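Asker: The structure that follows is given in the form of structure tokens.
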Amino acid sequence: MAEGEERGSGSLVRRAPPQGQRKGWIPRSQADFADGGAFPEVHVAQFPLEMGRKGGRAQAQTLALTTDGSGRPDHAAAIASVGQRAGKIVHAGKDSLAPKVLSEEELARPDDEAAAENTERTRLALEALASSKVSGAHGSLEKALADKKPAQYIRYTPSNQGSAHAAGATNRVIRMVEAPVDPLEPPKFKHKRVPRGPPSPPVPVMHSPPRKISAKDQQDWKIPPCISNWKNIKGYTIPLDKRLAADGRNLQEVQISDNFAKLSEALYIAERNAREEVEKRADIQRRLAAKDKERKEEELRALAMAAREERLAPPPPTALAGGNGLAGDDDDEVREREELRKERKRERERERRLENKDGKRSRMSRDAERDVSERIALGQTVPTASETLYDQRLFNQAGGVASGFGGGDDAYNIYDKALFKSGAAAESIYRPTATKEDEWGDEDTAEAAVMKAARFKGADRGFEGAGEQAAGGAPSGPRQFVQDDAEADPFGLDEFLTEAKSGRPLDRVGQSSGMAAAAGGSMGESGRSRINFEREGGRR
């Protein structure tokens, strides 16, 4: 049971705490007052027996749930109307922003009968309002006579019933009339006019969110000052831009002539035609240069072919002392061997060119750089032995599981087998190696061997097979170099002709027969750089 509560005969009676212990206690209901008055030490608004409360009952803090026309709870209107005067219209919903859609009947003009009825009703209301104002201003006699009510008769039965009381009357009838009003009596109350409260607010206007002002908008809002072009009484120095801004020429649209577009188009067409002509001339020059280059290369190729044919021409047959049958057989064998040798040489040259082409690697280099897994996947490496799943050393052993654990501790049977029975390890361990003395011999032999090396030969010493003139005296001064005379042949014609006559080792590939020569010639152009030279007069 809470403090301040007592249980009487079948009912719970709430009692206030004793005086002096009421700190923090607030009366919540009429039962807390116990049919008594308010508690002065409790500083809150108290209404014992509902005395002094407006409306005669307590105002709850919880708002009543209201609904709109569609039956949905209208929380916004209930919350927004708290603290407002009665009858004030509060627009708290989005429906207030929607415009009303009126029908044609509602928007139609009223007829004469409806207009006359509205006019008469308005006239009577205005006359009643004006008469009340006039009667209040002139006096209260007419008002009192107009508002005078008839007498009322009230029957009541007194509580004291007896023959000695009121002459033994059991019922009484009382006639109640209004007291007369003195027309000359001044007003008892002073009426103070209170300013009328604000009307209901209008429907709020929804605006779009503010936009960021751009530079163009700011420039448009700049209003230039009015500056006269004829008068300047104060003598101010007005900037030219302000004077031009006041002129209003910024508000005029600039009209660009169409001739500018025509001029630009004409210039563009002329430039395009000029570019096409330049490209055509460059293409013609490029073709002429290519033809000239092909002609010169063909001439060089013909010269090189002629020199190669002269160099590779077979010598005239020589008559042998013996019979012709053996010589013919030897020539056939030599020719076959030469053909095989040339064929293999062509294959090697072809492989070398393929290796060097575009930086590609040869097959052998690729296979050497492959991983073991790649070789196995490509089938290049075949395993020599199959994979074993068990250690072969565990099989065919004389000792069992208990070997090594049996016997006494005194037995010396730790090393039952030789560590290296046979093989390279045993050969290298148990045999002496050759020492430096065995390799070099004694000191004299070692010194002679060292002095015979090429790195210890002097610059003035000769070599085997060379004459005595080759070994000259030691140079007295620093080494002197002689520069080649490049002015004798600045274009390198002598070197080219010498090379054309002698030929390169690779130029002999495919020149043994007509078919081979054709195949060799089709392998591609010579790898030599381009050299411009003139044909000799006596050679064709």
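Numbers run from 1 along the shown chain.
Glycine is treated like the rest: Cβ placed from N, Cα and C.
Straight out of TrEMBL:
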type     : residues : note
COMPBIAS : 102-122  : compositional bias 'Basic and acidic residues'
COMPBIAS : 334-374  : compositional bias 'Basic and acidic residues'
COMPBIAS : 512-526  : compositional bias 'Low complexity'
COMPBIAS : 527-540  : compositional bias 'Basic and acidic residues'
DOMAIN   : 152-311  : domain 'SKI-interacting protein SKIP SNW'
REGION   : 1-32     : region 'Disordered'
REGION   : 101-122  : region 'Disordered'
REGION   : 184-218  : region 'Disordered'
REGION   : 307-387  : region 'Disordered'
REGION   : 462-484  : region 'Disordered'
REGION   : 500-540  : region 'Disordered'
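Quick one: how deep are these features, and who are their neighbours?
Answerer: Taking Cβ pairs closer than 8 Å, the region 'Disordered' (184-218) reaches residues 85, 88-91, 96-97 in its own chain, all 6 or more past its ends.
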Asker: In the compositional bias 'Basic and acidic residues' (102-122), how many residues does DSSP call helix, how many strand, and how many coil?
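Answerer: Final tally across the stretch: 15 helix, 0 strand, 6 coil.
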Asker: Pull the DSSP breakdown for the region 'Disordered' (184-218) and write it out as helix, strand, coil residue counts.
Answerer: 4 helix, 0 strand, 31 coil
